[in-house]
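Per TrEMBL, the feature transmembrane segment maps to A:12-34, A:46-65, A:86-110, A:122-139, A:146-168, A:194-211, A:223-244, A:272-297, A:309-325, A:340-358.
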Amino acid sequence: MKGMTTVQDSSKISPFLVLYLIVSTQVGVGVLGFQKYIVEGMGYDAWMAIILAGLIVHLYIYMIYSIMRKADMDIIELNHVLFGKWIGNLINLVFILYLLILSLTVLRTYIEVVQVWMFRNLNTWIIAFFILLLVLFVIKGGFRSVVGICFLSVLLPSFLILTLYFPLQFAHFGNLLPIGDFTMKELVISTRNMVLSYLGFELLFFFYPFIKNGEKSQKWAHLGNFVTVSIYLVIGIVSFAYFAEPYIKEAEWATLTLWKVVELPFLARFEYIGVTTWLFIILPILCLWLWAASRGVKHMIPKLKQKRILYIMVAVILVSSGLFQTREEISFLNTLSSRVGFYFLGFYIPLLYIIMLVKKEVRKS
Amino acid sequence: MLKKRGKGSNNKINILPGLEKLKESADFIHYKNDGNPGFYVNYFKSLIDVDILHRDILRYVSKSTTKKLSELKNELPIEVVMETSDVEFITDKIFRGFVFVQLENDLSNGLLIRAEKHSVRDVTIPEVEYSVIGPKESFVESYEVNLNLIRSRLPDSQLRLKQYKIGSLSRSKVGLLYMDGLTNQENVETVNQRLEDIDIDMLNDISNIAELISDSQLSPFPQLLDTERPDRTCAALAEGKVVILMDRSPHVLLGPTSLIEFFSSFEDYYIHWILASMFRLIRLVAVILSIVATPIYVAVLTYHHEVLPQDLIGTLVTSRRNVPFPPILEAIILELTIELLREAGARLPTKIGQTIGIVGGIVIGTAAVQAGLTSNILLIIVALSALGSFTTPIYNIGNTIRLIRFPLLIFGSLFGLLGVVICVVFILAHLIQLTSLGRPYMEPIYPFRFGDFRDAIVRLTLRERNTRPVYLRTQKPIRFPEPEKDNKSTDIYE
């Protein structure tokens, strides 16, 4: 048997596809309603937080690349090498749990959007079952198939950005003025909330060994993050210019509300199209995260088959997705995953970076 | 074979008993002709050309006085004459239209003389892939004629043919054509391997081979392109594809292929590139509409009538006012009716087929709407989707499109637009995973190859398409030198 982290050349992907991987994991259900959370701190100056948070994420991507370049192995093995068997495994377990909770959050939040905007009485389990079936089907095709879905999921729904033209007709850019009316504390709150919307890039830890010429893909990763920042920025500014500030503070899904203005001769209520197309956007996230999680477990316990692990994970997510029913419960799920993500970003990645800086050489155990 | 022949002549065994089995067939002719020397003649009446037998064989053999087969061989005016004593070989050749002649004095040896009868229909105009402009030849059921049609277009020493005999009963001649030094060796090897691995008794048509060697047997999508046009075949060979042909089949298979290729008519290359690109786009849109139009209708009318603007919903409600069924039932009834018409039309001779079209299309359609069984808007949608699925230049993919509409319909009626999208993503995920001879099927969309878009959704000018498609991984990626760009004068003529 070959080493666990050696990946065959034929299953590696071109460096430029990293752009799509990054964009498709970062843009998820967050886009539908991030405005409320960032306005919480800075008010209508929050567009600066979008940019600032984007820069922070650039920094994190830089750190991940320097870690991975030096380590030349994936994160599961790296944790073993750096922290020893027990602590390393514990960290891996937390990492995998974090991926699972995030997948569950994304799935449940999307289904909630569907239930609120399209089908009031839709059974969570039934729709989760079909979406997860799709996820299984994609992951069973291997990493290349997952990347293919990521690629298409950036390409196909990109027409949605054109719909911003309609609210622009009623936009008051005066809403954004005066600029600079915030305190440091408000800036920190907004930026923190915004960084959480960008989560997803940490999967680089998992798919880095799958990239042909991994080092060369760094510019694509940064470009991907840049694209994400631009998408958030455009949507953010348009919604600030369209909505009044008191409204946006209450709006659960401001982006979806923006679509209510879209008017076409053959189509009213564009949000129906928007919500259904959004399946394209959440699917790659679920696929990639569950792929990473199942692969992670497989590395920890090489005896198990990845397929089996995946089935178990999907079953767990399916069952638990139906347990969160009310808005408060789903909100709790969101808070939970963003907390975990926050600590993960704030402490783990910088810690790893510093350790790697200090260590001269990393050897495979 | 030579070894066996040598061995046979040493032992001096009489061959005639070996042919006893053949005599049980009524059309096997075996007789002795008295003369000096006397001779035996064996052949299948149904397989040989009687003219050749009488004019070129019997006349010379009966006149001849030689007692040596090798001398008799030289007296015959036919080129393919073999002296042999191997019973198995003789039996095989007799089945291939050879006459077996033995001299009375030497019953352990004999001459195999070729006199096969070709029952070949004339090369006619292509019916499945008809084009107004361009060559009007299409393949026929004869291997030799088909090879001739290809070779005469590609008189190049690089064109290689590997031959196989497949089927324990049919013993079909199967050929594998490729350009040596150009086609990817791995592709040739893949097909070679898969053809050799076929273990079957009877092959009736090349579509049997397509089914046997396709990458995925579960997929409804055809993974090898099946064509009846020699020009398309030669273009594919020159592009670096592999061609499989079979005796008794008027179609050949091209591979590896990609999904987009199934929507390109070969006539596209004979008309102006802007027109061709336009027609391709129309075809693609027609196909996409043909897949999703009815499911969207069902989804919208079942769950989301809010999506429709005020004016449109008025029209729809008026047309559906008297319809007693839910949209899904209405749609399935109509879709099945159209499928029924198509099946009935396909099984009948052309002239009656037209009548069916009129009866079905006009009479049933109008009557169904007037009786209030369906709405006329749905009738329009269903008829248009049927039309859309017929615009595909390759017949096989049209069938696939007709099929995949049904799961979409059912999911559309279960989960509305969300169900339609789930189904579409499922199909896309399947297409991403699909391969044709190990090469990605969705190319150039995924893996994304910008260069290959020059001949995919649109077709650019011939001069700009100077590279071979990347996914074929040819040994010579450049077709011809890039045209020189005229950088000198970008200004207005003076």
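Cβ from N, Cα, C; glycine included.
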Close approaches to the transmembrane segment (A:272-297) from elsewhere in its chain (Cβ under 8 angstroms; 6 or more beyond its ends): 21, 24-25, 27-29, 31-32, 75-76, 92, 95-96, 99-100, 102-103, 106-107, 110, 113-114, 117-118, 131-132, 134-135, 138-139, 143, 146, 149-150, 152-153, 156-157, 160, 163, 200, 203, 206-207, 256, 259, 304, 306, 309-310, 313-314, 317
Stretch in A:46-65, A:122-139, A:194-211, A:309-325, A:340-358 most in contact with the transmembrane segment (A:146-168), if contact is a CB pair under 8 A: A:122-139
Same-chain residue ranges lying at least 6 outside the transmembrane segment (A:194-211) that approach it to Cβ under 8 Å: 5-7, 11-13, 15, 17-18, 21-22, 25-26, 28, 30-31, 34, 37-38, 46, 49-50, 52-54, 56-57, 60-61, 64-65, 68, 73-75, 102, 143, 217, 221, 225, 228-229, 232, 285, 288-289, 291-292, 295-296, 338, 341-342, 344-345, 349
The transmembrane segment (A:12-34) touching the transmembrane segment (A:309-325) per 3+ Cβ pairs under 8 Å rule: no
The transmembrane segment (A:46-65) vs the transmembrane segment (A:340-358): 3 or more CB pairs under 8 Å: yes
